[in-house]
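Step one of this worksheet: look at the structure below.
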Amino acid sequence: MPEQSRDPVVDVRKLNIAFGKSSVVHDVDFRINAGETLAVVGESGSGKSVTSMAIMGLLPKGAQVNGSIRLGGQEVIGASERTMRSLRGEVASMIFQEPMMSLNPVLTVGAQVKEMLRQHSDLSDAEATREGIRLFDRVRIPDAARRFRDYPHMFSGGMRQRIMIAIALACSPRLLIADEPTTALDVTIQAQILDLLNEVQRESGTAILFVTHDMGVVANMADRVMVMRSGYSLETGPVGEIFERPGHDYTKMLIDAVPRLGEARHVPLKPSDAAAGKPILSVRNLVTRFPVKGGALRRTIGQVHAVEGLNFDLYPGETLSFVGESGCGKSTTGRSLLFLNQPNSGEIVFDGREVKSSNPSDVSYLRRNMQMVFQDPFSSLDPKQRIGDILSEPLLCHGLASKAEAREKGEHLLERVGLEAGMISRLPHEFSGGQRQRICIARALMLDPKVVIADEAVSALDVSVKAQVVDLMVDLQEELGLSYLFISHDMAIVERVSHRVAVMYMGEIVEIGPRDAVIGNPKHEYTQRLMAAVPDPDPTTDRSQLMGAPVVELPSPIRNLDYVPPARQFRQVGTDHLVAD
Amino acid sequence: MKKMSFRLGLGLTLLVMISLIALFAPLIAPFNPTETTRDVLASPSWAHPFGTDNLGRDIFSRIVFGTRVSLQVGASAAVIAVLIGVPVGLAAGYFRGWVDFVLVQVIDIFIALPGLVLALIITAMLGPSVVNLAFTLGVVTAPTVARLVRGQVFVVRETLYVDAARATGAGGGWIIRHHIMPNTMRVIYAQFAINVSLAIFTSASLSFLGLGVPPPAPDWGGMVRDGSMFLPIRPMMSLGPGGAVALTVFTFYLVGSSLNDEE
């Protein structure tokens, strides 16, 4: 790390930001020196993103900003747009959460790097190309020279984020602001991007302002940490100190939300009745494929093998979690079980009755006994329906109750999920994300189902709300004897709720077994990679450990029409612990 | 309920005023709109604010009563367009596949034909009358409604809350009634208002060509045509009803487009 220079790269004092009458940032102070990483941690609405936008002078016109922000010695507040333009890119640059949206889809990625270079220097076109390819190499984009002329849609999310970093680094800024740069990425990709940022910092001594909600990432990235809540800075300190002696309950809660794999520090779950009795749901050889159309006649030219030969049993009262990265088929599995996506083949036996998608009464039977909670609580509730209508719908459309009975049951369940019965005549937009997800859970329970499929049911929620909703789900399971099929990419939550875990990769289960065995003692190579990528919440771990690991990309699940998937053999490595060869 | 936009507020205010004029036309108009007098082509005065026409009828009173005819034609045409367009759009959007394919071809053929020409042909075949006019304009504007509804149904169909309803066992009819229709109503309201303005405009054009409301009923398009011969000496004979058409079309268009902008 280069010598800490005399002046901080960015010096923020008594920063206050308000939009109209609502004040969103209060008296925030911090400074970052060259070569240092400050992590700003907080949940949505904490003011962390607004603060970083203020440093770049990117706040919308109506914002009232008070205090002082000195960027490389230059005051930002009140600076002219002209001054700001010269600061952006050269002194400070920014990368955002959504690498899909921050690149221009109609320009080649090379052109977008060159644009940045040529705006801030007088390089010729050829020189800019050379420099751009050098930058692509530096962020470890394989085959940089050839891919320089490719368009953004030809890159994966992780690769796009690398391109964003290359663009941000083009003019060797002294400060890099990273606003949740890995939140939209899978864990294995996240680990690679974090490594890259650490490496870049060691080489160039760039100061990094890292905005995140994830304490695990903080432990891997930060030198110092500032915790924010509702616009206030709660505490600031070196990362080791914050993790060892958090000065605030809120900080402690954020730290507790990070998974510590294999330690099973949570209260053990009530054991399921798995050993007793028959499975409530049995799935054999489930296959779901989506056609890929192409050519002038829009004929099917290939297939996405989303779910391929899935076998599993779900027992009464147990939680079976499906984990894996985006595109591995875990959500499609959940949707196929309720025939929301039509499976191509396979056998689904629910409570001893074989269910066929071609038979409407089978489908209706299944949808009466198995319910689903979706990821996004904002789009899974009809904005035009009152809560009472939303909750009554399952009972009314099956003709199982009168309107009054349904409403009474709805009120009862609203109270059961921690809301008030009086809220039944409100509209969805009057509720927060966590409350909406509680409503979705209440809706799922209206038919007294035996199985609930939770498709990333808590992934969109803030850390503190997430914990409460998960606790609610565990309580409900014990009280009602529910079985959960819990689909998630979040290892912390999976570890908290599961009796058994199934790891999915490329549409197949590669490892399935009891929670402690799969998480604590993974046997399949992919499971091991997945577990290793989960950020280690111990800030004392050597950060350079993982560096230089090869850039691994998930292969494409699109196959030719004549592709026959190989038959999988499973071997038993422990009690109920199966691993694919 | 969110705060109403200025544009919508203005549009609705004008709409209420125009409707009141239509409703209380006999009280507002100082003269019988069809009664001819010997006082022909009088210049504007206190008794006749816009003067009289070549048959001695009070132009102001005719404009006031013309509001009734225009709104009748416009509203019934829009109702007919919705009655035809909404079911077609719902069917195409919800069932997709070949149903959609066939319906979209039909819709596109109708949209490709210029509305005025189509209306000319139909009215020429049916003969000019208020009922025929409303029917013709309804048929001509229905494809736009169908296309819009179809697009909105496509959007709503893909939402998670429709998936959620399917997952609890709701069938197609239930989903259309409880989710798709309520979330499509705003689009329909907006297009209804725009269709009223379009129908009033087109009916005025048809009347100008002599294919609209038959005389002696006070009709704006017909009045503009009658007045065109006297334009150099009595410009108000054409400009008065022309202005009324413009204001009414503007009002309904404003309501429709500002309804579209909200949300």
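Cβ coordinates are placed from backbone N, Cα and C, and glycine is handled just like the others.
Per TrEMBL, the listed range annotated as transmembrane segment is B:130-149 (candidates: B:130-149, B:150-169). TrEMBL assigns the feature transmembrane segment to one of the listed ranges (B:3-25, B:233-255), namely B:233-255. Of the candidate ranges B:71-95, B:102-124, B:130-149, B:187-213, B:187-213 contributes the most Cβ pairs within a distance under 8 Å of the transmembrane segment (B:233-255). Beyond its flanks by at least six residues, the transmembrane segment (B:71-95) meets 18-19, 22, 103-104, 107, 130, 133-139, 141-154, 157, 172, 176, 180-181, 184, 188, 191-193, 195-197, 199-200, 203, 213, 248, 252 of its own chain at Cβ-Cβ distances under 8 Å. Counting only same-chain residues 6+ beyond the ends of the transmembrane segment (B:187-213), those with a CB under 8 A from a CB of the stretch are 69-71, 73-75, 77-78, 81-82, 86, 115-116, 119-120, 123-124, 128-130, 133-134, 137-138, 140-141, 144-145, 148-149, 152, 219-222, 224-225, 245, 248-253, 255-257, 259-260.
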